[in-house]
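Asks: First the structure, then my questions, so here it is.
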Amino acid sequence: KIFFFIVAVKGPQKAVSPDPAVAEPKSEEPKETPSAPTESSDLTGLFTEKPQSGEVNVGENITFVARVCGESLLKKPTVKWFKGKWMDLASKSGKHLQLKEHYDRNTKVYTFEMHIIAAKGNFAGAYRCEVSSKDKFDSCNFDLAVAVHVSTESEVDVWEILQKASPSEYEKIAFQHGITDLRGMLKRLKKMKKEEKKSAAFLRKLDPAYQVEKGHKIKMQIEVANPDAEVKWLKNGQEIHLTGRYIFESVGNKRFLTINNCTLADDAAYTCMIGEEKTITELFVKEPPVLIVRNLEDQMVMKGERVEFECEVSEEGAQVKWEKDGVELTRDESFKYRFKKDGCKHVLIINDVTKEDCGHYRVKTNGGQSLAELMVQEKQLEVYQSIADLTVKAKDQAVFKCEVSDENVKGIWYKNGVEVKADARTHITHIGRIHKLTIDDVKPEDEGDYTFVPEGYAFNLSAKLNFLEVKIDFVPRQDPPKIHLDCMGRTAESTILVVAGNKLRLDVPITGDPAPIVVWTKGEKVGSTKGHCIFTIEGAERQDEGVYSVIVRNPAGEDTADINVKVVDVPDPPEAPRILSVGEDSCIVQWDPPLFDGGQPVIGYVLERKKKKSYRWMRLNFDPYKETTYEAKRMIEGVAYEMRVYAVNAIGMSRPSAASQPFVPVAPTSEPTGLCVEDISDTTISLKWRAPERIGSAELEGYGVEYCKEGSDEWIPAFKGLTERTSVIIRDLPTGEKMQFRVRAYNMAGPSPAATLQQAVTIREIMQRPKIWVPRNLRQTLIKKVGEMINLVIPFQGKPRPQVTWTKNDEPLDPKQVSIRNSDTDTILFIRRSERKDSGKYDVQVQIENVEDRASVNIQIVDLPGPPQNLKVIDVWGFNVALEWKPPKDNGNCDITGYTIQKADKKTMEWYTVFEQYRRTNCVVSDLIMGNEYVFRVYAINMVGLSPEPCLSKDSAYIQKTGIVYKPPSYKEHDFSEAPKFTHPLVSRSVIAGYSATLSCSVRGIPKVSTCDLNIKGHALYCRAVTHLGKSGVILFKNKRNPLRLQRLRCRETHQSLRSHSCLNLLWRRVQGKMPVCAETIDCIKTWT
């Protein structure tokens, strides 16, 4: 048995997981071959929803979904995800890949999901999902395309990239930027990374590296310390001389080297020398992006053949990468793939292709890429002409001839099961597709069964050689002539068929005596022979077809016979096929049968397709296709194609038809999503929807909206033509009627599947209670900076339209500061430039008659904080200073998150930050410099930023220089204490009335006597105690007589419980007979205090 397998691969689709209730996924069943089973017959069809091919941008996420029905399964199915042929993705789960599964108990459906997160360019390629459960198995292929956004970024410097990159990325960077000599470049890069010492001759050295595109100009610049110094320029150690391409310039201290029209030979190390000092740089000449001039061609080959994918690029020696289904191809030990370069041509050679080699092959350069498809078919040898039975006479020539489809197929001839060997009479030839066995001088032993067996194929072609022996017996009497034929007459069974171009030999056995004369006639043409009846036509043509009459005559009589000869040929080519419709990756083509079928019925047709810009035609079917309408699949959406048809009959295949008109496979978009009723009244309805998830390569022309009554199949367009909007209002609808609505998207491929509402809608206005839907971000305090715009959109519902009222802190809003706009579904509060006073609680109320709903929004307007207060230097020790301050009075209407502390030397007053985001109100500044005097300042920080002004310290901190500390000797303290002692006691005195008197005494004591207590018993009006320089005294002043009688005055001083006592006698005398004299005694006591 010979099995033929056809692999069907789906093209890219954007709809990753379509809703199975709306659109069923397209089945990708392989073509059926009538003579052999296909691989798809082994699959059990476990998937209820297969993962679909998808496309995603770099950095975005995509999910592939597969569903399996578990009703008929005894246990949970096992699912595996693969990339390419063998890469199991279960081991790759992590940051960018997650595999999930869950089971719905209600529907008994297993759902398996593959999440690709933050897709990268190398994620693109072919994927496979396999599901198995005991003896059941199913698999599905799908593709992932990753689109890379082309950014218009400034030109990058390759040297900078290499300096920052790790060594493992050098090879990748070299390919992206067209670096051919990577090893030499890395050596130069190693030298660049060495730091050069400062030079006295150069004020400015050359940059470490320069980069220039091929064909452009580059200028290198240095600055020298001595304008008269002689400068030399060297390239790879060789001095550069002034030419038309190398120009030296001198402007003041600056020196320039200009290289015009840079080539790859200028990619070198350049040195500028002044005496013994030098500066070195590297110049990298970047080649322009390598473009693909001639793209790859799709190919369809037989198994075991050699395939060559050839492309042509814009530059010789350019680097290219070959990929198969997104996986890079490399040379392996089996030499399966070979890569060939010939100038601008690059060739991928695949030896002995197999079915596993089917797929999409891509060639990449740093400036473009090209894609082609390879389809491999099992070898299927076709027999264009089989060998026929021969009947020959002795010494005639017997020729067995057959024609097969493959000119490289060899074969063996057998006679009665024994291999035929070539000899002098037997010749075996093989020219192209034609195999011949020629036997000269046929003998009776040559009669037998001859078989031709093609090598490598399990079938054979057989024919029989009949030896005709003519025996002539002498009969004295005459016999009338007789024609011995089995094909006489004009019936279909007696018709002789001959293929156009072949030799026609009519050998008619006759008898008769004497030998009859043979006359051949066809219409008016007459030919005669004698003694034999053989008619030969070399290279039969269509006009040789007809009825041939043969007449044999001799004296004994005559005989006649008619032979009907039909010349058959391959059919005429059909007319150019017509493209009836196109899909995303397919088209339906139709053609008319050929005008002339070649004399044999047409058994089928062979179709071929090619890309419009290509020259290679690819066959779509090998077995003749009997119908005149065919659906061609596996095409690339957005690429122009052409089709042509061959007609096939029993003789062979016709010439190809003319090519069809070019066409582009385009699929209708997916159905619009999110169709819903936005509003409804007694006669109108408002619908809205979202754009389709997959639009395809064709532009979206618009949307068509239709409606019908429930239970009816008559869909009525809501308006003429299409609309580009994703919402529509349909008017003049019957009140109270139940209506169904649907929306379809249109592009050049036609309408998409319809998006319909889940149930019919009754045309009647719906009353709604007022309800405010506060957005999630407004349920918390809304914080804005001073000067920012505030735009609050608060949606609500309610019918009829509710009345909206805004208040702030239970007071009406100021219309000069706040603007309000209301619509049927939302209200907007707008403040163009917010201020601190706009902070507060805003209340919104929607009301319909006596039903209302309220909601609140808190707004906080924040600003920069004020400066901190009272920054003080608390302590200075060693190299440290302790600071302390108070929080600012104005916190900017938000919390203070920290402080920034800065220091400055009083000599330079350059500020340096010590702490950032410091949360306390005191800190210690360390590591200060000895001998410097510092001042400090502090900024407050809140969520808006730093305070505009800092708080400066009023006093500075001087860091003392360290030295030797003097420690005086310790002595025992001498006690100088002395008890008070009167050195001069009070003296009794006589005074005159009306005059002041002074009584004094002196005292000594350590410590100094501090008090003097004069006991005058409440008569201080007349006396005063004084102490001066160790003397104590009492002053008596009176201008009248003292009414007192004899009194005793006591003066007391105390010190450490030691006392001294002194007594004074005071005498009063009459003056001029006024008052008798009185005498008083005063005691004075000294004590320690």
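Note: Cβ is positioned from N, Cα and C throughout, glycine not excepted.
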Asks: Among 179-206, 347-374, 515-542, 599-626, indicate the range for which TrEMBL gives the feature coiled coil.
Replies: 179-206
Asks: Considering only Cβ pairs under 8 Å, which range in 212-274, 288-382, 396-451, 573-669, 770-858 makes the most contacts with the domain 'Fibronectin type-III' (867-962)?
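Replies: Checked against 212-274, 288-382, 396-451, 573-669, 770-858; highest Cβ contact count belongs to 770-858.
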Asks: Out of 212-274, 573-669, 671-766, 770-858, which stretch has the largest tally of CB pairs under 8 angstroms to the domain 'Ig-like' (288-382)?
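Replies: So the stretch in question is 573-669.
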Asks: Looking at the domain 'Fibronectin type-III' (671-766) alone, can you tell me the average pLDDT?
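Replies: Overall, the domain 'Fibronectin type-III' (671-766) comes to a mean pLDDT of 88.
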